[in-house]
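> Let me begin by handing over the structure; questions about it come next.
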């Protein structure tokens, strides 16, 4: 993969910037959109990468959704306790992988998909809205009354209104239902106690309110949590982001504030992602906001911002919002020498031949 290398002078400038950064967390996304296809299972394959991940100074690894899902990638889950039906591997392999990470002092982050859920059976209307928990005590055996009342055609009108954005491909779960709250919190605690996960990445977190997210974070007490709140930036007539993205980053700040700013909750800094995509194309002036600070969430609340260059949605084979491929190392030079918790993407680290360059930047950041 073609890549534009940093000049020595730019690297030295960035080295100077990094001097003010204290050692801290570095997140690693340990999969891409195609990882489920790997022969022999992704969990087993990733086991062979643990030493390299740990040696790079990475502190947390974000793993793919672990539950049974009608979509191979895991983002359409149904039987939440069933970890043996995952395309990435089985429950025993997952526990072995997490054990290997823990053995190197690296924490494991689960991809939590709770905005929506796929049903096993149809009700009397012929609608798939009867959920199977595969537990001996009927936990997660839900019906249409556990679906948001405004989520047609799945709902039967007895649930509470949705507290966030609609997800059209599957029933939106009613997170104001007390039984739903209780049983999902129990499942999260099971993922911690029995499987070994340390924290959560909340998928499609804009699908339910920050108050709802707070319930699950408070009841499961993860050491780290990060939310995906992906909304559109403000764009000008030239099709590029406006210089002022205060409204966009304020939404991220508000979410963390409502969940509890003193707790473990963070959000992916999509504001910085969008601005950086354009800035590296010869418009570095965009990296200074209207207030003279960094223009993303890291300019306002860096301790709660997780920066990234690409992920399984924006990059990989989906290419929903890809970073310029020939300037990826410029992106890493920025996020690894600026405040916030940087997230390194598997593809860039292992598949694009950028491991050594990223390693060096992480070493600069952590003082290793």
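Every residue gets a Cβ built from N, Cα and C, even glycine.
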> 151, 156: which one does Swiss-Prot list with 166, 167, 170, 172 for the Ca(2+) 3 site?
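Between 151, 156, Swiss-Prot records just one in the Ca(2+) 3 site with 166, 167, 170, 172, namely 151.
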> Can you find which of 74, 78, 199, 207 Swiss-Prot lists as binding Ca(2+) 1 at the same site as 115, 162, 165, 172?
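Checking 74, 78, 199, 207 against Swiss-Prot: the Ca(2+) 1 site match is 207.
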> Give me the sequence-ordered set of same-chain residues, not including 132, 135, 137, 141, with a C-beta within 8 angstroms of the centroid of the Ca(2+) 2 site's C-beta atoms.
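For the Ca(2+) 2 site, the extra neighbours are 133, 134, 136, 138, 139, 140.
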> Within 8 Å of the Cβ centre of 151, 166, 167, 170, 172, which other residues of the chain have their Cβ, at the recorded Ca(2+) 3 site?
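The answer, listed by sequence position, is 115, 116, 148, 154, 162, 168, 169, 171, 207.
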> Counting Cβ neighbours within 10 Å across all chains shown, tell me which of the binding-site residues 132, 141 comes out on top.
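It comes out as 132.
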> Please give me the CB contact count at 10 A for residue 203 (active site, nucleophile), counting all chains in the structure.
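Taking all protein chains shown, residue 203 (active site, nucleophile) has 20 Cβ neighbours within 10 Å.
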